[in-house]
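Enquirer: The following block contains the structure, expressed as structure tokens.
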Amino acid sequence: MAAPALGPARGCGAELTLVLLLSLFLLLGWAAGGEEAGPEAGAPSLVGSCGCGNPQRPGAQGSSAAAHRYSREANAPGSVPGGRPSPPTKMVPIPAGVFTMGTDDPQIKQDGEAPARRVAIDAFYMDAYEVSNAEFEKFVNSTGYLTEAEKFGDSFVFEGMLSEQVKSDIQQAVAAAPWWLPVKGANWRHPEGPDSTVLHRPDHPVLHVSWNDAVAYCTWAGKRLPTEAEWEYSCRGGLQNRLFPWGNKLQPKGQHYANIWQGEFPVTNTGEDGFRGTAPVDAFPPNGYGLYNIVGNAWEWTSDWWTVHHSAEETINPKGPPSGKDRVKKGGSYMCHKSYCYRYRCAARSQNTPDSSASNLGFRCAADHLPTTG
């Protein structure tokens, strides 16, 4: 497929421009701490799903243990940690059960977080970790697969992760989110453009994978993408009506439990959780079902088509609408901050076109039974 014409909007509605300007003027400096009950009274409303990670290609249809400590230099270009073990890979059983999906207190109403509804889920298996660069490389080496970012010749990268040399060659940005830049040569092997590499981070989540790429990998591995309901049920880790996989406090006992943005978005990420970009797939404590980084770090694709209209009636193993334009992604990423992209909650959700990719978008797989391969 030919490289897309990179228009200024890239799928984020033009109506967000005024909201963005107002938000950037007012939101910088918000602090997220203590009990997380949503944005403070009188604060500007959060913008829509273009938020922290929704650039699109044009024309496309638990645990109480202390958080793991990793060096801030782990994500620095050229850093090659010595003695780091191979990236972990395993699936964990998710028991059958009934849970409350969504919320009656939506923090981003236009995302369709409401209403709260009872959902029954059959038992299944879920990857304990996001698919890593090393695991995705095995797939590519085995099949010769080319990702859509490689076929298009470009992908979206957060400006703060780019070198000055790469930025100097870019003339366009996403109008409603100018920190997203279309970068030629950006793909899963070169997440921050052609002068970057994943050789020093085999255990970090693979990025710049489209929904179609994720499906191809999961199929090869004898797995599938989780439904949105399965993903959210797994995210909650056996807890009911909690914001995060571990409870309602963002930092229990002052510890970081997810890789998200600290500081002023999009100006400065202080990296207080140990990372300014992605973290290893086994960083931070797992939730009650044994899932690591189920929120933060990298957005994760689900199998569902996007809709913001949900029935309040109880359902069994819902799979979303039969067709649509966008696919659902969950979990937020290292770019999420409460002031702008408060989507590192289990009930939060966003969407993107199936062929879109970005430097904060990855996935993990699910399966009805343990596969014989992968």
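Glycine residues also receive a Cβ, built from the backbone N, Cα and C atoms like all the rest.
Checked Swiss-Prot, it gives:
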| type | residues | note |
| --- | --- | --- |
| SIGNAL | 1-33 | signal peptide |
| DISULFID | Cys50-Cys52 | disulfide bond |
| REGION | 57-102 | region 'Disordered' |
| CARBOHYD | Asn141 | N-linked glycosylation site |
| DISULFID | Cys218-Cys365 | disulfide bond |
| DISULFID | Cys235-Cys346 | disulfide bond |
| BINDING | Asn259, Ile260, Asp273, Phe275 | Ca(2+) 1 binding site |
| REGION | 341-360 | region 'Interaction with sulfatases' |
Enquirer: Applying the rule Cβ within 8 Å of the centroid of the Cβ atoms of Asn259, Ile260, Asp273, Phe275, what extra residues of the same chain belong around the Ca(2+) 1 site?
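Expert: Leaving out the recorded residues gives His256, Ala258, Trp261, Gln262, Gly271, Gly274, Ala279, Phe284, Gly296, Asn297, Tyr334.
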Enquirer: What Cα-Cα separation, expressed in whole Å, is found between Asn259 (Ca(2+) 1 binding site) and Cys218 (disulfide bond)?
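Expert: Taking the Cα atoms only, Asn259 (Ca(2+) 1 binding site) lies 24 Å from Cys218 (disulfide bond).
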Enquirer: Measure from the Cβ of Asn259 (Ca(2+) 1 binding site) and count the other Cβ atoms within 10 Å, all protein chains considered.
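Expert: Other Cβ atoms within 10 Å of Asn259 (Ca(2+) 1 binding site): 32.
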Enquirer: Calculate the distance in Å between the alpha carbons (Cα) of the residue listed as 'N-linked glycosylation site' and Phe275 (Ca(2+) 1 binding site), and round it to a whole number.
Expert: 29
Enquirer: Whole-number Å only: compute the distance from the Cα of Cys235 (disulfide bond) to the Cα of Ile260 (Ca(2+) 1 binding site).
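Expert: That separation, Cα to Cα, works out to 16 Å.
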Enquirer: Do me a favour and check the Cα-Cα span between Phe275 (Ca(2+) 1 binding site) and Cys365 (disulfide bond); whole Å is fine.
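Expert: Rounded to a whole number, the Cα-Cα distance is 24 Å.
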Enquirer: Give me the Cα-Cα distance between Cys365 (disulfide bond) and Cys346 (disulfide bond), rounded to a whole Å.
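Expert: That separation, Cα to Cα, works out to 17 Å.
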Enquirer: Quick one: pull the CA-CA distance for Ile260 (Ca(2+) 1 binding site) versus Cys346 (disulfide bond), whole Å only.
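Expert: About 14 Å separates the two Cα atoms.
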Enquirer: Per DSSP, what is the residue count of the region 'Interaction with sulfatases' (341-360) in each of helix, strand and coil?
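Expert: Output for the region 'Interaction with sulfatases' (341-360) reads 0 helix, 4 strand, 16 coil.
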Enquirer: Would you kindly give the Cα-Cα distance separating Cys346 (disulfide bond) and Cys218 (disulfide bond), rounded to the nearest Å?
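Expert: The separation of the Cα atoms works out to 22 Å.
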